[in-house]
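Asker: I am attaching a structure below and will ask some questions about it afterwards.
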DNA sequence: ATGACGAGCTGCGCTCGA
């Protein structure tokens, strides 16, 4: 089963590129972020023609997430429920469409668009940390229910300095601060594993390049789009790949898709039988 | 290299993103 995540920076502007990519890659599940459109205006037909079901949670201009799946998603939930964070009822918190989850093939698929946070002294930064704390509570609930989890999306956090092209310049700033990294760790705890880092421990792999200053051409990127899976699923994980090719398209999204392959019928024994092969996050 | 790019809006310049 091929599972992908992609911040497309407008579903309508990127539609033909997304359809082309689906035709090349044939994912079973594709989670999108930054669709930037209200549900009534989401272009569902091109995906339905290819045999996909859609679950969408969008808003005008900003944010917006969607799950596109060959198997019809069940138990679809939009946004948080039961978050105990202090400002959970504020208008801004409820208005931003950043999370959608569903059960597919026995796995709890959680698609997130984590707030960027702007800068460390911004009120948006406090919102980002608060949002991540709510996500942590949300995952606590899922863990209590014994769910197998695949948590993916645009996290707007580089988990370590390996995930930044110029750590000396950016360490400690937005997307690379200890506060954000600790908030992300508190979401993952020890229960969720970074799929990409199981296969690749070196720096130099990015999922986002700034539109400005020839970021992609100069390969000055960040790895901020992630697929985290329950420890119990790692025995079924065959690969995790960042597909940089769509970033080279004309009028691209600034993010590249990230995808994993899960072999739900078999176990990849040669690597995962040894507990020591699990990496610290 | 962050005013420097790109998207959306009811637009003809602004806000926002990362």
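Cβ coordinates are placed from backbone N, Cα and C, and glycine is handled just like the others.
Straight from TrEMBL, here's the annotation block:
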type	residues	note
DOMAIN	A:4-255	domain 'Endonuclease/exonuclease/phosphatase'
BINDING	A:7, A:34, A:154, A:156, A:254, A:255	Mg(2+) binding site
SITE	A:156	site 'Transition state stabilizer'
SITE	A:225	site 'Important for catalytic activity'
SITE	A:255	site 'Interaction with DNA substrate'
ACT_SITE	A:255	active site, proton acceptor
Asker: If you measure C-alpha to C-alpha, which of A:7, A:34, A:154, A:254, A:255 (binding-site residues) come within 10 angstroms of residue A:225 (site 'Important for catalytic activity')?
Answerer: A:7, A:154, A:255
Asker: With a radius of 8 angstroms around the mean position of the C-beta atoms of A:7, A:34, A:154, A:156, A:254, A:255, what other residues of the same chain does the Mg(2+) site pick up?
Answerer: A:9, A:33, A:113, A:208, A:224, A:225, A:253
Asker: Give me the long-range Cβ neighbours of residue A:255 (Mg(2+) binding site): same chain, 6+ apart, Cβ under 8 Å, in sequence order.
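Answerer: Sequence-distant Cβ neighbours: A:6, A:7, A:8, A:9, A:154, A:207, A:208, A:225, A:247.
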Asker: Given the recorded positions A:34, A:154, A:225, and counting only Cβ atoms in the protein chains shown, which has the most within 10 Å of its Cβ?
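Answerer: Max Cβ neighbours within 10 Å, all protein chains included: A:154.
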Asker: Of all the binding-site residues given, A:7, A:156, A:254, which has the fewest Cβ neighbours within 10 Å once its own Cβ is left out?
Answerer: A:254
Asker: Under DSSP, is residue A:225 (site 'Important for catalytic activity') helix, strand or coil?
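Answerer: In the DSSP reduction, residue A:225 (site 'Important for catalytic activity') maps to strand.
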